[in-house]
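Student: One structure follows; several queries about it will come next.
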Amino acid sequence: MPKVIVANINAEFEGIENETIMQILYRNGIEIDSACGGHGQCTSCKVLIISGSENLYPAEFEEKDTLEENGMDPETERLSCQAKLNGKGDVVIYLP
C-alpha cells in the first residue's frame, strides 16, 4: 500500500489509490484546516510535496488555478483535499 509520510511530525500513514491526502490525514486523527470544506476553493489545506509527486494524480485545472492565483507552485504545493494517490508509491509531505 502506498503511504503518505509527514516529514515534520515524523509520521506515516497508509492510503489507497484515489484517496486524497486530506482523507488519509483525517482518518488517522490529523486535523488540517479546510475553510471551503474540502472543495478545492481555498488554500487553507495546502501541503508541501517534498518527494513522490509522481505518485499523485496530476492537479486538475481548478486546483492549479487556485494555487497559481495565490502565488503557489502546483509542482511543489498541492491542496490536500484534491491531491489523490495514484497507488504507485509513497508521497512525502510537509504540513505548514
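Heads up, the Cβ atoms here are built off N, Cα and C, so glycines get one too.
Here's the feature list from Swiss-Prot:
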type	residues	note
DOMAIN	2-96	domain '2Fe-2S ferredoxin-type'
BINDING	Cys36, Cys42, Cys45, Cys81	[2Fe-2S] cluster binding site
Student: Give the helix, strand or coil assignment DSSP yields for Cys45 ([2Fe-2S] cluster binding site).
Tutor: coil
Student: Report the same-chain neighbours of Cys81 ([2Fe-2S] cluster binding site): residues 6+ apart in sequence with Cβ closer than 8 Å to its Cβ, ordered by sequence.
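Tutor: Listed in sequence order: Thr20, Ile21, Met22, Ser34, Cys36, Gly38, His39, Gly40, Cys45.
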Student: Tell me the Cβ neighbour count for Cys36 ([2Fe-2S] cluster binding site), meaning other Cβ atoms within 10 Å of its Cβ, over all protein chains shown.
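Tutor: The answer is 15.
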Student: Just to verify: the residue among Cys42, Cys45 with the fewest other Cβ atoms within 10 Å, which of the binding-site residues is it?
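Tutor: Result for the binding-site residues Cys42, Cys45: minimum number of other Cβ atoms within 10 Å at Cys42.
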